[in-house]
Protein chains: 4
Amino acid sequence: MQKLLHRGQESAGIVTSDGESSQTFKVHKGMGLINHVFNADSLKKLYPSNLGIGHTRYSTSGISELQNCQPFVVETLHGKIAVAHNGELTNAIRLRRKLMRHGVGLSTSSDSELITQLLAFTPPLENDDTADWVARIKNLMKETPTSYSLLIMHKDIIYAVRDPYGNRPLCIGRLIPVGDMNGKGKDNTETEGWVVSSESCSFLSIGAEYYREVLPGEIVKISRHDVQTLDVVQTSEADPSAFCIFEYVYFARPDSIFEGQMVYSVRRRCGQQLAIEAPVEADLVSTVPESATPAALGYAQKCGLPYVEVLCKNRYVGRTFIQPNMRLRQLGVAKKFGVLSDNFKGKRVVIIDDSIVRGNTISPIIKLLRESGAKEVHIRVASPPIRFPCYMGINIPTKEELIANRPEFYDLANYIGADSVVYLSVEGLVSSVQESIKERQKNNPTAQKSPGKIGHCTACLTGNYPVELEW
Amino acid sequence: MQKLLHRGQESAGIVTSDGESSQTFKVHKGMGLINHVFNADSLKKLYPSNLGIGHTRYSTSGISELQNCQPFVVETLHGKIAVAHNGELTNAIRLRRKLMRHGVGLSTSSDSELITQLLAFTPPLENDDTADWVARIKNLMKETPTSYSLLIMHKDIIYAVRDPYGNRPLCIGRLIPVGDMNGKGKDNTETEGWVVSSESCSFLSIGAEYYREVLPGEIVKISRHDVQTLDVVQTSEADPSAFCIFEYVYFARPDSIFEGQMVYSVRRRCGQQLAIEAPVEADLVSTVPESATPAALGYAQKCGLPYVEVLCKNRYVGRTFIQPNMRLRQLGVAKKFGVLSDNFKGKRVVIIDDSIVRGNTISPIIKLLRESGAKEVHIRVASPPIRFPCYMGINIPTKEELIANRPEFYDLANYIGADSVVYLSVEGLVSSVQESIKERQKNNPTAQKSPGKIGHCTACLTGNYPVELEW
Amino acid sequence: MQKLLHRGQESAGIVTSDGESSQTFKVHKGMGLINHVFNADSLKKLYPSNLGIGHTRYSTSGISELQNCQPFVVETLHGKIAVAHNGELTNAIRLRRKLMRHGVGLSTSSDSELITQLLAFTPPLENDDTADWVARIKNLMKETPTSYSLLIMHKDIIYAVRDPYGNRPLCIGRLIPVGDMNGKGKDNTETEGWVVSSESCSFLSIGAEYYREVLPGEIVKISRHDVQTLDVVQTSEADPSAFCIFEYVYFARPDSIFEGQMVYSVRRRCGQQLAIEAPVEADLVSTVPESATPAALGYAQKCGLPYVEVLCKNRYVGRTFIQPNMRLRQLGVAKKFGVLSDNFKGKRVVIIDDSIVRGNTISPIIKLLRESGAKEVHIRVASPPIRFPCYMGINIPTKEELIANRPEFYDLANYIGADSVVYLSVEGLVSSVQESIKERQKNNPTAQKSPGKIGHCTACLTGNYPVELEW
Amino acid sequence: MQKLLHRGQESAGIVTSDGESSQTFKVHKGMGLINHVFNADSLKKLYPSNLGIGHTRYSTSGISELQNCQPFVVETLHGKIAVAHNGELTNAIRLRRKLMRHGVGLSTSSDSELITQLLAFTPPLENDDTADWVARIKNLMKETPTSYSLLIMHKDIIYAVRDPYGNRPLCIGRLIPVGDMNGKGKDNTETEGWVVSSESCSFLSIGAEYYREVLPGEIVKISRHDVQTLDVVQTSEADPSAFCIFEYVYFARPDSIFEGQMVYSVRRRCGQQLAIEAPVEADLVSTVPESATPAALGYAQKCGLPYVEVLCKNRYVGRTFIQPNMRLRQLGVAKKFGVLSDNFKGKRVVIIDDSIVRGNTISPIIKLLRESGAKEVHIRVASPPIRFPCYMGINIPTKEELIANRPEFYDLANYIGADSVVYLSVEGLVSSVQESIKERQKNNPTAQKSPGKIGHCTACLTGNYPVELEW
């Protein structure tokens, strides 16, 4: 969970089960970072246990929001279930009304409670003597198309589920026995257990290795020694899958693997593509550390320009107590970065950034570089401009805040003080993402094929949402 | 709420409403004492608002129990309701099953969630275009007989409800306009607003005065300027009411008023009754400060013996870090009390205690008094022995822990080291409680008559539960 | 130390020694109450050790004041010493200047640092091959007459010192072997160790018994098994001793023993004396709980009026967040107390208070009692009015704040809203304090006689300071 | 101060002066990081003020060490002084004894208290009517040769002092008026004020620019609008200066300027020099992020090999609660880093590290790279092995812990699992540091010349201490 903190830092929770009783889970949740929520005592509370699910969440505010903290646990007629959810339901409002009309009082505003109550509620109930969880999950998928990646724990089973569009990531890792990680591949049949995670970057530090993705629409049953596909639900109209392209651009960790490729590699390819689309005569290429570094190295290599560091990150960035005057605001960015002026004095600098959302970070950086001696400053952005809101789980500023929707966008270089500024094209991004997936499919048409057609959600860039939005 | 902390100190919460929207409440809840949970910032979050309900709760453990923290808020088809509950449902298990069978997932183990979901769920739902909250509350009262005192907030109304047996207390106070509290009685028609509380002791410090009790089975609707009885639901078989006698003996604050009498007065009458039932030849009467003081003063006055202080309380009692050796355990009580030995050296002392539950507090006190020079130590307990568990909201030790169920009880004086020990009789307690109620009814047969017959729950003393217990 | 918290609650510290090295002490200090400063971990840091000194301090503000937190530890040419000090030096300013002129930089504004540096500094230093601590202590006593009670720890010895005027209290207790506290007197030669404390109330809870006072001017050397008087320094002009009378009136715990008498007994005698000096026709006598209760019982008994409770203390008094309006301020006191109105409705009440300092606490209490039905309210104060500042260790409001120095004092009953108000006379207080000391001296002229004449500091009441004040 | 946190994170303090009274400073100090110690409230306490000094300290343990927290404030005969000290006195033990013999009790074990008391104590005192602070500072420099950089505040003056050997850094910055930072050089006579700092990296974010270093032995007087050299004290025997070379290698921030050169440039030169001294046939050069990156880029460029990222840092590294089994310990480093395996699978990798102190960090990194597919792993260390303790202010592990003093050092590649490992030579390091200084001196012999000869302290690498060590 520590390796997933970039996905959510405002609350954290773990629910464990001893795998025997359907009545007792051990739960610990709290607001704040994992290290704040969990300590030796709270972890002790979670033992003994054989399985468990955890969650780190990005929420909006305050202590009273603890009730929204995941995983959710409810008692049903067939025992307790615990649910961890990543995503956002596109038809949440209709579903809320439906449940309340049935007489269910809803305690939170969270979509995750909806999912939990839908699983509890699924009819037929009166004669439901056995709890057919797969039927309940499939019913859930019929009720709501996207977006959700789910872990559902009941007794000694964890169900891993990805929505039919595959909008949110989910992958499986294998815990390897101690002392047996030297070069032995996936043929090694011995495993110590299974882990499921939004991102594969979390496997290494717990001694697990990447096994495979959960496919769009797939319901996977995970028991102690077994991983078993129970069903793969297709999108209603055989639409292409719609994995969030923003995960590649910004959200995921560079060492995570999606669709068979490392995020870092995609980002470097974006940099290379950007060099093709928007070359510039300059003396050196650099980055705004650290997220844009792969693209910057790709750009530099493609252009044949040297890669040079111009900023160094300050490890300890603190609060600002005093209302800053104009000068201090101007130099606000100087709290976050040190300037390595000797590296670029008198030079023409290309800065690669991963995205420009509001435009108020890059502007003072350019000013800083100029004041420290840069002769020219050209900005190249390794992703297309963001123009539309996301309703499937990513927090994007309002349309009005997005620089790409503001009048300043038409003279952006001038507005941010750059000599030039160019974004990557949507086509360039999509091809940087899909190129190696397609190549792999061509070479090995049977390997882990997504049931639907290859596709990516580019809604925040293009406004093309994969499903109709309901209000 | 600060004046109700003796009723629950492990969590606290407040929900407020601006009285306009049925969709928005302001909520702040947390584990710990009120002063820990609330500060200037969290209180600010609760404004602006015109009405609100709060709760302080005694729960069993840990941070993760925050979900049990009251008031409960749920969204229903007709908007949000917030519910604060004091009590414990005697048929909770059957009700849980009923709700789950209907497809409601239950998030907590608390009876208060049951009540909330029962209010949300009450049929007929499909055609329920207007939210008939009174019908829903009456349906709740049909589903479960006891014990609950409830505050239910919806939009600009608070419903105050007491179960048909009146097992838990609930009373109404009137906020008096500033500068107008001098001797003007209930005729004064001007009010600033209304408050409802488990105990009247909480009124004084917020500038309110005692108005009246909510009657057993009564549904009171409270709006800004009006208090209105909507209905009074009788116990199914016209049983007598069953107000908890333990509130008088131990639980409530001495300055609270129940059934028209001050708790302090009842306790003093218990002391007087005890003097009649169990006199002793001695030099002085004293108390274990502070709760037994009214009984001690009553006993002393009835016997004609001087009332003298033998112990003084230490304001600052801290934790004990070091595993105490035998001596320190023996003197453990000396951390809590100072001994005023000059007051009783060479004298025969009668100590009045309010109750002996486990017997391990009084024993070291007696030892301490003897070592400090008391010639004789006689114990008189101003309540009967507790022998049975409570299922209606009071936390009582298990049967095995109760001294009255242990073999040592047969030679109790010897066990605790006293020269003699006598408890008040059940009849003595009941008459101390009921005497002045009956007298008042005789004198003024119309005044605030309970709809059922006068009665008190003495289950923890006698095993006679007012309703059949369901499992 | 927990039993001494009434003497200082803003910081706490403990220094321990293993008794072997003169170079190492174990120290833990911090701001706040003992339970905040010390926990299992910090206590563990103080072990292993054979002896130690602790201190709880009343300081004025903030975290940065930790440097003033006692005990003070300094390294001298002869090893480390640790010093705990109760009191305030009357010639501090001259001493500061003297030390600084010698080249010592002073880190704090506290008198206790002065004492520590004076002990380090005392000449002759160049040839001071052996550390003659007694000579250094006697030199300290020559430099400054009052007020200080000191514990000085060096290696395996603790020196207990009281200034020649005996202004601040200090007494010795004996740790009794486990299982041996039944009636065996001071002849019992076996001891487990010695403890020294400002007040004897702290002995009981650690299994110690009162042994004797440190005399004014006495230097006592305490080693593991031995308590030895090294010297008794007399006041320069054989003045009478000047023990602080305010300790009896207000500051000390009622179960503490000073000069052979229990503080509780003195306070009761003050109440009796007050009944003689200022009787009143009334129905009942009561108290502002809890400190005035001994005086109230004494007054009631002497008058032959019943003692009745009119207020009950609220255990949980919290902060007030909202700026109180006039009404709430009026009723502010109602947060602290509940009113037992049934006990005094229609009656004439005498309230005994221990002191009236500023007059703004008693006033709303009187109002509250009247509004709750008291027919008359008479105030009797069991001490004389405070009129003068203390420069010897007691925090007393400024002259301007003291009600006795304000014009309202001339019509005090009217100002506070009482039917009458009378203070105890200075002579009445002094005789209540000294009566039993003198009687004991008469009966047993050799028993623990103070070297000087019996006397008490009444400066805050009379302006007669025992020494000339230096500025 | 936030930009100096890499120099000390365990306590922080600020003392400010209004520049008028010699008696009052405003002080706030505390244990922990700046953001923990300071908040809006504590900063408000420091105002109003015109000047101030601050300190962040690396200390060894616990809350009770708050007394060691700097700046130190003492009151002297001539008013209060506040002192902030970076360094460690080589003759501290003799100085302690000298002060204690004079009768000064020392409260801490810190050298900074010694400096403060030496400034307070300096004779002649009896006739010292004017406080000649320069004479006192010069006397201090006579008493102790190194190491200290000091800020001494008195009333409206701050003295900035560097020891004669210039062992610790200290430099001056100029606050530039708002809106005036574009290209105007040092001729610009307008300034808003002056700042002094251990490292120039701290200037940018507060709107200041680098002005110059304080020279070895220089006493600079800083008032509101003026910076004035009062004296430059030479080393006793005209030794060369001895600035700590470890500041370049590891301790300082890359964007700081010492002796006219940016630390980043020195580190890159070390990488280039290392490429000359220890080339290797490989496919790519990489770094252990982030401190070794400049050297890695220098090495890659000199060798003509591509610079590639192999590890990415995890922003959120938490505690490990559970006792790790062998596997988890092996993979401990995987919590801190993600592995970018696609970037180096099947390749021969050169890893540049900035130093290998104990050898237990690099070892699991190598293992991780091999397990993730690296064909060969060569380690090149951009500094010489550390073999000796530092007595001048740098915390270096004990001799026994240093890998260079252990038997494993003789087969280090094997011990850490590398294909080869080579350190930079001492000569290579010294020339990387001094080369550009000497060049600059040649080109401009008058510019900011150090009074002594150019030299650097390499004691931790060579055992050649610049002064004789006293015990």
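A Cβ is built for glycine as well, from the same backbone N, Cα and C atoms used for every other residue.
Listed in sequence order, B:S147, B:N167, B:R168, B:P169, B:F251, B:M392, B:G393, B:I394, B:H456, B:C457 are the same-chain residues at least 6 apart in sequence whose CB falls under 8 Å from the CB of B:C244 ([4Fe-4S] cluster binding site). TrEMBL lists B:C244, B:C390, B:C457, B:C460 with the feature [4Fe-4S] cluster binding site.
According to DSSP, B:D353 (Mg(2+) binding site) sits within a strand segment. Taken from TrEMBL, the feature Mg(2+) binding site applies to B:S291, B:D353, B:D354.
The domain 'Glutamine amidotransferase type-2' feature in TrEMBL is assigned to B:1-225.
Across the fold, the C-alpha of B:C390 ([4Fe-4S] cluster binding site) and the C-alpha of B:D354 (Mg(2+) binding site) stand 18 Å from each other. The Cβ of B:S291 (Mg(2+) binding site) has B:Y250, B:D354 as same-chain neighbours under 8 Å, each 6 or more residues away in sequence. Counting neighbouring Cβ atoms within 10 Å of each of the binding-site residues (B:C390, B:C457, B:C460), the lowest count belongs to B:C390. Over all protein chains present, the Cβ of B:D354 (Mg(2+) binding site) has 23 other Cβ atoms lying within 10 Å. In the three-state DSSP assignment, the secondary structure recorded for B:C457 ([4Fe-4S] cluster binding site) is strand. For the [4Fe-4S] cluster site, the Cβ centre of B:C244, B:C390, B:C457, B:C460 serves as reference, and the other residues of the chain with Cβ at most 8 Å from it are B:N167, B:I245, B:F246, B:M392, B:G393, B:I394, B:T458, B:A459. A separation of roughly 18 Å, to the nearest angstrom, links the Cα atoms of B:D353 (Mg(2+) binding site) and B:C460 ([4Fe-4S] cluster binding site).
The Mg(2+) site, placed at the center of the C-beta atoms of B:S291, B:D353, B:D354, has further neighbours from the same chain whose C-beta lies within 8 angstroms: B:Y250, B:T287, B:V288, B:A292, B:A295, B:I352, B:S355, B:V381, B:A382. B:D353 (Mg(2+) binding site) has a Cβ environment of 21 other Cβ atoms inside 10 Å. In the three-state DSSP assignment, the secondary structure recorded for B:S291 (Mg(2+) binding site) is coil.
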